[in-house]
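Colleague: Okay, so TrEMBL annotates it like this:
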type	residues	note
DOMAIN	A:100-311	domain 'ABC transmembrane type-1'
TRANSMEM	A:9-29	transmembrane segment
TRANSMEM	A:102-127	transmembrane segment
TRANSMEM	A:148-168	transmembrane segment
TRANSMEM	A:188-209	transmembrane segment
TRANSMEM	A:254-275	transmembrane segment
TRANSMEM	A:295-318	transmembrane segment
Amino acid sequence: MRFFLRRTAFYLFTAWAAITINFFLPRFLKGDPVSAYIAKNQGLISPDAAAALRTLFGLDKNQSLLEQYISYWKLLLSGDLGRSFSKGLAPVTDVIASALPWTIGLVGIATIISFVIGTTLGAYAGWRRGSKADALIPITTFFSTVPYFWLGLIAIAFFATTLGWFPASHAYDKGASPELTWDFIGQVINHGTLPALTIVVSSLGGWVLGMRNMMVTVMDEDYVTVAQAKGLPPRKVLINYAARNAVLPQLSSFALSLGFIVGGTLVMELVFSYPGVGKLLLDATNAKDYPLMQGLFLIITLTILVANILADVAYAILDPRTRQSEA
Amino acid sequence: MTQPETAVMAAVADPAPRTARKQTPFTKFAQAFSMFRNGKSITGLCILGFFVLVAIFGDLLAPYGPLDKDFSALRQGPSSTHWLGTTHMGEDVLSQLIYGTRGVLVVGFAAGIIATLIAVIIGVTAGYMGGWKSESLSAITNVFLVIPALPLMIIVASQYENPSLLLIAGVLALTGWAWGSRVLRAQTMSLRNRDFVQAARANGEPLYRIIAVEMLPNLIAIIASSFVGTVTAAVLGLTTLAFIGVIPITNLNWGTILFWAQQNGAFPDFWWWYVPAGLCIALLGMALSLINFGIDEYVNPRLRSAGERAREMRKKGIKVTSSVTAVRTTPTSGTQPDDGAASAPRHASPAVDLDAVTPVAPPAPANPDDTTAR
Amino acid sequence: MTTLEFKDVTKRYRIRGTGDFLALDKVNFTLTSGKTIALVGQSGSGKSTIAKILTQLERATSGEVLLDGKPIPRRGRALRSYRQQVRMVFQDPFASLNPYHTIRHHIERPLRLDKVVPNEEVENEVYRLLERVRLEPNDVIDRRPHELSGGQRQRVAIARALASRPSLLIADEPVSMLDVSIRLGVLNLLADLQRENNLGVLYITHDLATARHFSDEIMVLNRGVVVERGNADDVILNPQHAYTRELRDASPNPDKHFAAPGTTSPRS
């Protein structure tokens, strides 16, 4: 119980800190791009939206910092993140909401595939340590040290442009609009294969290495030796005794990596012109769309926080020992 | 569990005449870097050394200036005059690559040094202090762990027209120190309660000496590994930022080459323009990973001995995955009492040499066993 | 003649969640140079807490610790001079020596810290100390702890404790981590050094047999309370307290094993 209280306090503090950083970030911006924008679009911005923007960016010089901070919180709690300059003054929350499913779908599926394949390969490499399976490590490590975006560019050059197997960019064919038809789903899969493949290939190394090292450590434990001594079939020992325990840290890293789904592959989306959160952030940066940048940063931070909570919960459920010790 | 040859068999009553190995400054120096003394780390260090030399002697090595334009050769493939071809402006790709090495290494190492300094100061202090001071330092660390590095870098870097190398390194360090700090805190906490630290306290050693002389040397492997880790992350971060175009092109590095290549339609036809830069990033990353693999094996000797032992057994025709049965089928096992798992070879204790040295691991800090650190 | 007095010393640990834990409850005893007191008790009885308070790694919650009638100074030079008088040999010789440093470093440090001998004499003093604990100085001085056996390490730890020329020595289960066959050697060494230097020794142990053999007085500790104390032979042969009898009966008796074959031999 104490453990959960402590963790809750920790997450509340971290969330508060992240939101506060988000409050101060635009206040350090040089110049005043936001009021310039508001002045330029006098008639277009409704008074309400302008007021919200003033609060978010601290433009109300009459207010003290504390008052600004309080009204900033009020705004956040009512779910208002301001209006996006570059997206025709659409509410930031709407803009993000439209991009979020694409990122979560693409990167989420790729992360799961990479985790499953990588952990299986790692378990095998640890089980058959000292054999040819050891060659897996340098190969997968090489791909994980290659920058994402470069691998993506090469993949486009090879599979899309030269071979023409997959489309090089976007999430679906030009002219199509999102709808629930087989044709559209097919397009999405077709467009998503290449970016997903790139993510899987370049993130495999971490999973393989982590699982392999844990396997090697676990294989030395007495309970594995005893299981073998009892004459259990190797397959059973591998799955029920060794891999089962070795996979625990993998699962918590997996939960952590979920946090990086939203913010971790920005550049990948740029390379493939994929309409996700990462591309949105880069576009917002180029267009100096500060409300959108601030909102995206907040969302990305909060996702990582939620993933941390998930990792903690997963670990507490799977390994009761952690509840006693401090993480 | 470790190789028996590290054992020194000597009884107290009858010390074998042995000449003491003299401690010289050189052996002391060598000991401080013993975690690099393995094939993987050395290979990594050699590759890294190569890049360092290229960075230092770039002016001598590069056949042309990085921005020298040769208008007679635009977008030319590799030739004897331009070994790695030219860009759309007739610039020599090889020369850009050589000059770019400097930018990558300077920023990478500067970020690594700053981040490691922060990590050591915060992590070791938090680990040694205990109580609310430790808790608040670790709370700060955790906040920095949650803040997404790349988006923050993009937002901060986009605020400056022409960010200096040091500023870029500083931002990369600011987003990269937290992980190392967390690992160091855990390790320091376990060191703090070791008897040798308690003994130093009981002897009245001052605090700075306890931390600097008694504890830090035992943390060197972890500090080194977190340094290498942040350098790797910083190199990837820098090239990524350069590739997106957040960092001004005047700061030439491998990422800038890729930025220009993509901006000017080098993909997919002009492979000489974009393939070498990517391979250089991968090679440098690989070298740094190799160094860290070596340190990992030094810290956790099981990782190394496991592979060696398995190969050894396979040579003898024994299946690794069934070690216990293997013991029973080898000729010597017949004499061993058949009491199940306890007769596995690694449990056998040298009953004869009661006062002989137990084979122990090299003077490595114990495996952090901090499963969350993976 | 140095005297160390424990007066009504109480130690209470704050444990969050479960309330307080009383580790020591009004413990009184006097340790004088030239005498050995054995402190006997099960694990968790508070033996190590006494050692920690004596070495000032922890402070008593209440009560007084007096060295020659004066309370232990809280900090600074005075505390250092107290520490120079009272030294400790830790239980685990594998943990009490820093794996990174050579044997020379371990013995040199207290010599330099307390300025026992002038700087140019330090090297000779290290050799002398190693010889006193029956180690071959040339053989071990430049080695690191992991290159030595457990017995050798514990001898190094004893040499380190003696370096500051203390008058009182705390030995916290000094042989419990060593192989049975070499325990006697280390204990005999401690006894010799005690006689030669007229040391006052607090011998902490759970082994009644060695407690009787090596000490003048025995003090039995149970859950932070001294339940019995007295002349070593008296306590062992004629225990008054039920806990002492329990301890005695729990310790291995060689005769019984001959009588009942098949019983497993006692493990350390």
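Backbone N, Cα and C atoms are what each Cβ position is placed from, and that goes for glycine too.
Any TrEMBL annotation is an automated prediction that lacks curation.
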Colleague: Are there residues at least 6 beyond the ends of the transmembrane segment (A:254-275) whose Cβ is under 8 Å from a Cβ of it, and what are they?
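Modeller: Beyond its ends, the transmembrane segment (A:254-275) has Cβ neighbours at 99-100, 102-104, 106-108, 111, 115, 147-149, 152-153, 156, 168-171, 194-195, 198-199, 203, 281-282, 299-301, 303-308, 310-311, 314-315.
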Colleague: Using Cβ distances below 8 Å and needing 3 or more such pairs, separated by at least 6 in sequence, tell me whether the transmembrane segment (A:295-318) contacts the transmembrane segment (A:9-29).
Modeller: yes
Colleague: Sequence-remote contacts (6 or more beyond its ends) of the transmembrane segment (A:102-127), Cβ cut-off under 8 Å?
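Modeller: Sequence-distant neighbours of the transmembrane segment (A:102-127): 133-134, 136-137, 140, 171, 188, 192, 195-197, 199-200, 203-216, 218-219, 238, 242-243, 246-247, 250, 254, 257-258, 261-262, 264-265, 268-269, 274-278.
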Colleague: Could you pull out which residues elsewhere in the chain have a CB under 8 Å from any CB of the transmembrane segment (A:148-168), counting only those six or more residues past its ends?
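Modeller: Residues 190-191, 193-195, 197-199, 201-202, 265, 267-268, 270-272.
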